[in-house]
């Protein structure tokens, strides 16, 4: 038997018992006699765990695919499949994308707006995030459009516009208390990823470096290896090694196609308000408003999250 937990998280203020019962029914019906329900646990008014056992041996990805109809049929509830083992809650490394994940914006689009090339950059970004364009090539195309931009005041102006996603500071604080290492791996730029790292008190950051000429202008190029999907995956493994963390105890959170390799490498992966293709390919999707909801996926209750015990 294989043990799993199905976490149901409502987008609204409440998760009705009728909805939980319906999802449990759909789980058993979609899996014939392979699945048995072993009980539920209320995490909050918005979230509930459904514990199941599956006959035989099956991995998370295959069970998620088997339950695709259940997952996709509830637009106002995220249905997340996790392995019910010690690593579900005992995460020791969380790796985050930056743009549209830790922060609401895409930094390169903010710079593009400053440079008057917003439309061109946005179109390339969309294609890259939907996995329709190689990330390295898309980055080169976008950065090239920024050539000649004076950076003396640009960096400070952009930093002032960055808005941290709701729930991120609280999530980071909670995870740090649980002795979890936190990192940001960004296909964006170190000039801003480093700033976000410092703002949130993260342990590590890696991103691309914009090249600046002797006149203080962007050259339209980056320096060093590009941080793409493969780089994120390899860096996640390196961080596991550096921090002595089992890969099973790691988690990747992101919204773009270039986050998928690291999600597949990590012990678990979360597509945060991601593009449809990314949601489908990722281990799970979370489309709520606050990133503290990730703690429900780990099995924490509101009492534990908000220290009400």
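Count begins at 1; order follows the chain as displayed.
Glycine is treated like the rest: Cβ placed from N, Cα and C.
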Candidate from 46, 142 that Swiss-Prot assigns to the same substrate site as 106, 186, 187, 232, 258: 142
Record-annotated Mg(2+) site (Swiss-Prot): member among 255, 293, 302 besides 97, 99: 255
Rounded Cα-Cα span from residue 99 (Mg(2+) binding site) to residue 142 (substrate binding site), Å: 15
Rounded Cα-Cα span from residue 99 (Mg(2+) binding site) to residue 258 (substrate binding site), Å: 12
Rounded inter-Cα distance in Å - residue 97 (Mg(2+) binding site), residue 106 (substrate binding site): 11
Binding-site residues compared (99, 106) - the one with the fewest other Cβ atoms within 10 Å: 106
